[in-house]
Amino acid sequence: MTISESTNTYGSPNMTNESVSLGTAPDQNGPDPQDINHEGPASEDGKPSEAKARSHGNRNRVASLSATDSLSADGLRRPQPRGKIYDSILDIVGGTPLIRLPRLTVEDRLAADITAKLEFFNPLGSVKDRIGLAMIEKAEAAGLIHPSTSVLVEPTSGNTGIALAFVAASKGYRLVVTMPEGASIERRKMLRLLGVDVQLTPARQGMAGAIARAEAIIAATPGAWMPRQFDNPANPEAHAATTAEEIWADTDGKVDIIVGGAGTGGTLTGIAHALKPRKPGLRIIAVEPSESAVLSGDEPGPHGIQGIGPGFRPTILDMTQIDGIMRVAERDALAVARRVARVEGLPVGISSGAALHAALELARNPANEGLLIVTIIPSFAERYLSTALFNGL
């Protein structure tokens with residue numbers, strides 16, 4: 001492993017951050033998990049550390065899980081009623097569940113306690129619902145947009161566009177989305193169902209091409225406004241205010257490592273800004289495609305992990321908050337996404353597969369024994385029916 005300092009271009013030019021990249025395995029698909037260590041506090045009296053005690057407790061609990069543990073006497077599960085009627089679909093964004101992965105834990109003999117935050121429980125099925133709502137409502141509060149006079153324009157690989165689309169439809173805005181033509185047909189059709197004007201750009205240009213097209217539309221359209229998810233501070237602020245607080249509450253503050261794909265960087269940046277002051281030892285691990293590992297210093301390139309690896313460093317991504325970067329190859333992301341569907345009954349998207357691949361590497365590392373890993377699961381598998389995820393099925 002090599003650790004280098006890099007100039008921080010997201011804050012003061014005099015600031016530096018250590019260890020943006022933690023190295024890669026010989027096949028360049030990711031770092032050796034032994035290089036990403038986070039040991040629990042050592043015990044001075046020779047007793048097991050808190051982390052190790054948690055590990056043994058977690059393993060015993062997971063090993064004893066059965067299909068009837070959550071059932072009532074009559075054999076039925078009874079979820080807690082919400083006890084209210086919501087005023088609109090906008091009121092049910094956030095509050096997504098955090099679950100364990102018991103069968104993977106047993107099959108892989110994981111040292112750490114791995115969990116998955118299921119962001120596809122948001123109303124339009126992805127983590128981007130949070131920022132779609134936040135960016136529009138903050139702009140409204142600032143007097144920047146109004147349904148009767150404004151046209152929203154945004155470059156997106158799909159899920160942010162869908163998030164903006166349902167908020168725009170709910171509020172009465174017109175929305176134009178530019179996206180690389182490699183984005184899945186499911187995303188395009190969902191956008192059009194929600195009344196969006198979808199404009200495709202060449203796949204080889206990546207998100208840079210979609211951004212350039214959106215800028216041209218803005219310049220030519222009166223009343224046009226761009227949320228700019230890669231630059232808008234409302235993006236990480238939404239995650240600091242909601243996602244981070246949910247993780248903290250659901251883990252009772254015991255989270256040790258958070259793993260997530262790096263797209264705009266808003267999710268990881270917002271979570272880190274909210275939680276690191278409370279828990280300085282918290283580690284934030286960013287996942288990017290091996291084929292376009294820009295955060296690790298490589299040149300951008302085409303890849304099939306939709307939603308992460310935009311080919312540049314977004315301005316809202318605060319690299320001072322990132323403790324490590326793990327590269328994941330598209331084939332590995334696909335393999336894990338398929339495996340978690342079959343082993344846990346949890347069909348997830350391709351970027352979720354990438355995040356889980358990295359999280360499993362960390363969870364297998366004995367140095368992380370007893371630690372609690374939270375993995376961000378951005379979206380559900382059905383949004384990728386026309387992609388390589390479903391090839392051969």
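Cβ coordinates come from backbone N, Cα and C, glycine included.
According to TrEMBL, the compositional bias 'Polar residues' annotation covers 1-22.
For 1-79, the entry in TrEMBL reads region 'Disordered'.
Residues annotated as compositional bias 'Basic and acidic residues' in TrEMBL: 44-53.
The compositional bias 'Low complexity' feature in TrEMBL is assigned to 63-74.
Annotation source TrEMBL lists domain 'Tryptophan synthase beta chain-like PALP' at 90-377.
TrEMBL lists Lys128 with the feature N6-(pyridoxal phosphate)lysine. In three-state terms derived from DSSP, Lys128 (N6-(pyridoxal phosphate)lysine) belongs to a helical segment. Sequence-distant neighbours of Lys128 (N6-(pyridoxal phosphate)lysine) (same chain, six or more apart, CB under 8 Å from its CB) are Asn159, Thr160, Ile162, Ala163, Pro378, listed in sequence order.
The secondary structure of Gly265 (pyridoxal 5'-phosphate binding site), as reduced to three states from DSSP, is coil rather than helix or strand. What TrEMBL records for Asn159, Gly263, Thr264, Gly265, Gly266, Thr267, Ser351 is pyridoxal 5'-phosphate binding site.
Neighbour list (Ser351 (pyridoxal 5'-phosphate binding site), Cβ cut-off 8 Å, at least 6 residues apart, same chain): Gly261, Gly263, Val287, Ile305, Gln306, Gly307, Ile308, Ala333, Pro378, Ser379. Taking every pair among Asn159, Gly263, Thr264, Gly265, Gly266, Thr267, Ser351, the residues recorded as binding pyridoxal 5'-phosphate, the greatest CA to CA distance is 15 Å. Looking at Asn159, Thr264, Thr267, the binding-site residues in this record, the fewest other C-beta atoms within 10 angstroms of the C-beta turn up around Thr264.
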